[in-house]
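In what follows, a single structure is set out as structure tokens and then discussed.
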């Protein structure tokens, strides 16, 4: 992809009307199950073969003359993560031994789009490529995290500033399809938000559930909701804003100055309220919302729509982690069907 190739040139330098849900918020599951090949073994193999594109980039375009250390900094079975320490500073590297560059290309485009808004801090992506042992990598700016998630008020304000700054004249969608967790996320440009959210978010997840679990009951009810949800948007002014797309607590931090940092996006241009879809796993407080709505005013019917945006992520968690999330998703659907008399 030409757009991603350009990155390699960068150098480091609730109201009563709302449905009443019975689901219980829970922590997002860990993905640290056994992986087919560890990042360390892949790196060792590449070093032995003398074919390490990560080191090659760092020692050329990364402007380092030597790498002083490589340390693991977590990750899971989707990706592994390392910090490369050099005489030109540190680099954050993610690798995946099974998936080609397209996943990281989507991440890089999202990071760069958010970075270019000059609003909230995100790591700048430098390079995406293939690994000779199979799989792919992404090199990006290393941000030293502080001791906390930072100030909730600042997070709300800066997130709203990003939404306000980055609008799309192409409609709703993104330049490429990407992933939400490991689930494909379809981002075909669409002029109408309700159509986009119906087809490429709720509808797509419901189809996956049917394919993977044969759950026709949730599919049928979900389709009834999609067909009848238009009244939830009456009076709302909607514009395609750049969204992080997967804003849960694990993707929110702060730098050593206490400024908020967001990472690991699943970006697309969408209705700004959709950004709160992972709020059940993000810990947003009153200060966050107050500061956010000072910049991006709350639209009529916000409370009625809030759980509609939670639904996308509950359906995705059903697809990713199994039927433990089914009751939460079905609860939201049932409550909306009652409210809409559908």
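Including glycine, each Cβ sits where the backbone N, Cα and C put it.
Residues or ranges marked as active site, proton acceptor in Swiss-Prot: 246. The DSSP secondary structure for residue 246 (active site, proton acceptor) is coil. Counting Cβ atoms from all protein chains shown, residue 246 (active site, proton acceptor) has 27 others lying within 10 Å of its own Cβ.
The annotation ATP binding site is assigned in Swiss-Prot to 141, 142, 143 on the grounds of similarity to another entry. A coil conformation is recorded for residue 142 (ATP binding site) in the three-state DSSP classification, outside any helix or strand. The Cβ of residue 142 (ATP binding site) lies under 8 Å from the Cβ of 83, 89, 90, 91, 92, 123, each of which sits 6+ residues away along the same chain.
According to Swiss-Prot, the feature transit peptide maps to 1-46, an assignment based on sequence analysis.
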Number of other Cβ atoms within 10 Å of the Cβ of residue 143 (ATP binding site) across all protein chains: 19
Neighbour tally for residue 141 (ATP binding site), based on other Cβ positions within 10 Å of its Cβ: 19
Spatial separation of residue 141 (ATP binding site) from residue 246 (active site, proton acceptor) - C-alpha basis, Å: 20
Near-site residues: ATP, ref 141, 142, 143, CB cutoff 8 A to centroid: 90, 91, 92, 123, 124, 140, 144
